[in-house]
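According to Swiss-Prot, the protein has these features:
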type	residues	note
BINDING	Gly169, Asp170, Arg171, Gln172, Thr173, Gly174, Lys175, Thr176	ATP binding site
SITE	Ser362	site 'Required for activity'
Amino acid sequence: MAINAQEISALIKQQIENFQPDFDVTETGVVTYVGDGIARAHGLDNAMSGELLVFENGSYGMAQNLESNDVGIIILGDFTDIREGDTIRRTGKIMEVPVGEALIGRVVDPLGRPVDGLGEIATDKTRPVETPAPGVMQRKSVSEPLQTGLKAIDALVPIGRGQRELIIGDRQTGKTTIAIDAILNQKGQDMICIYVAIGQKESTVRTQVETLRQYGALDYTIVVTASASQPSPLLYLAPYAGVAMAEEFMYNGKHVLIVYDDLSKQAVAYRELSLLLRRPPGREAFPGDVFYLHSRLLERSAKVSDELGGGSITALPFIETQAGDISAYIATNVISITDGQIFLSDGLFNGGVRPAIDAGSSVSRVGGSAQIKAMKKVAGTLRIDLASYRELEAFTKFGSDLDAATQAKLNRGRRTVEVLKQPVHKPLPVEKQVVILYALTHGFLDSVPVDDILRFEEELFAYFDAHQEGIYETIRTTKDLPSEEVLDAAITEFVNQSSFK
């Protein structure tokens, strides 16, 4: 076969003309330091703040400090096999997490990866973890109630959909129990719940997940967990990942309840990162922007306008106090950001008052306008009565003689405290709360011994379930009380045929 030189040169020319170079230009740098969840890299001159970076071994990092000679990076995940001298490249993207219906019922880490052993999550939708909060004109005022199922909260410090209500108290005072009960009570309320566990033991998170599964609440709940054994960057990111998942539902017209358990541990993780990145420390060694850390998170909870879907995110952030000190730095920061706080008292908890809500220190700044009419009527004076009872109780310790009016106030106060107690994981529908609080405020419990209040409550509910279902139905549908004559007659009838005469 003869080789034609002209043909060969024509073929080569054709190949050269048709050649399409396929190469990807990315800016790369070199890792100059790595340790304790952070790295420094030289050569990433155009990196953006918050940009996602990829290490040589496939791990991800996030640019935090942009300095003149290098970039401070937080490492998202395991950093043990990253070495000095490794290459690192920019992605040009900011961090996003998977979102959507596929996450419901799953337990995920802050990067959206499943940790429950139930396989991959089938969703192709993502949202950035950091997005601007809705503006003033994009919001609506809080007008719908969020029923927690706890008498002490729904009556004294009511929460509305779109509100941020801080739950603050020492360790072991029942903070998590309140949040879990609130999640359980959303069954059938068309709410999606997100429980963000920050810096907790994995065994504790497992217990909470099993509780949710046992009561059928995992069918509408997403659990985001960054356990105590994970690196600080994941603890810092967990709440932002949780609220990004919530925003997907909110902007599609749904209502979400998100629980941050707890933000004290997130602040500690952020302090650790900031000190490792050599940022100047401020009060209690926290960096100067620790207020912004929480404000930009909690401002993303809102009830948005109808143009944006009319959905809402209700936030229950937790703060753990030391020896009941609510004037600590992080505590006062979050109190000033939120729309009210529920203060759980160590003394009340140890005295058997559970939930241990201190009515004097707790307040809801917007939830009152979201209460249903029936609850407003029966719970109107409850807070003041309870506060004056606590005051009187302190005076009675001096042993002075009491007049009849004071004695009556004390008796009513003791019964109020008893009625507001509630066993764990037994949230009450609002119509039952209204009935027992009506019985309390209208004097039906004044002659019942304090030790029998719980039994009275159970038997009253059983009697109403059997004979007075119409009253429950009226409260449910009209959101208002039936006429006083009807309620008085029904409760009197129960008292007459019971052993509480």
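Backbone N, Cα and C atoms are what each Cβ position is placed from, and that goes for glycine too.
Here the features listed in Swiss-Prot are placed on the structure.
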residue : record                       : Cβ neighbours (10 Å)
Gly169  : ATP binding site             : 28
Asp170  : ATP binding site             : 18
Arg171  : ATP binding site             : 11
Gln172  : ATP binding site             : 12
Thr173  : ATP binding site             : 27
Gly174  : ATP binding site             : 18
Lys175  : ATP binding site             : 24
Thr176  : ATP binding site             : 21
Ser362  : site 'Required for activity' : 22
Rounded Cα distance in angstrom between Thr176 (ATP binding site) and Ser362 (site 'Required for activity') is 17
DSSP three-state call for Asp170 (ATP binding site): helix, strand or coil? coil
Nearest to Ser362 (site 'Required for activity') by C-alpha distance, among the binding-site residues Gly169, Arg171, Gln172, Thr173, Lys175, is Gly169
Within 8 Å of the Cβ centroid of the ATP site residues Gly169, Asp170, Arg171, Gln172, Thr173, Gly174, Lys175, Thr176, which other residues of the same chain have their Cβ? Glu320, Leu344, Phe349
Ser362 (site 'Required for activity'): secondary structure state under DSSP, collapsed to three categories: coil
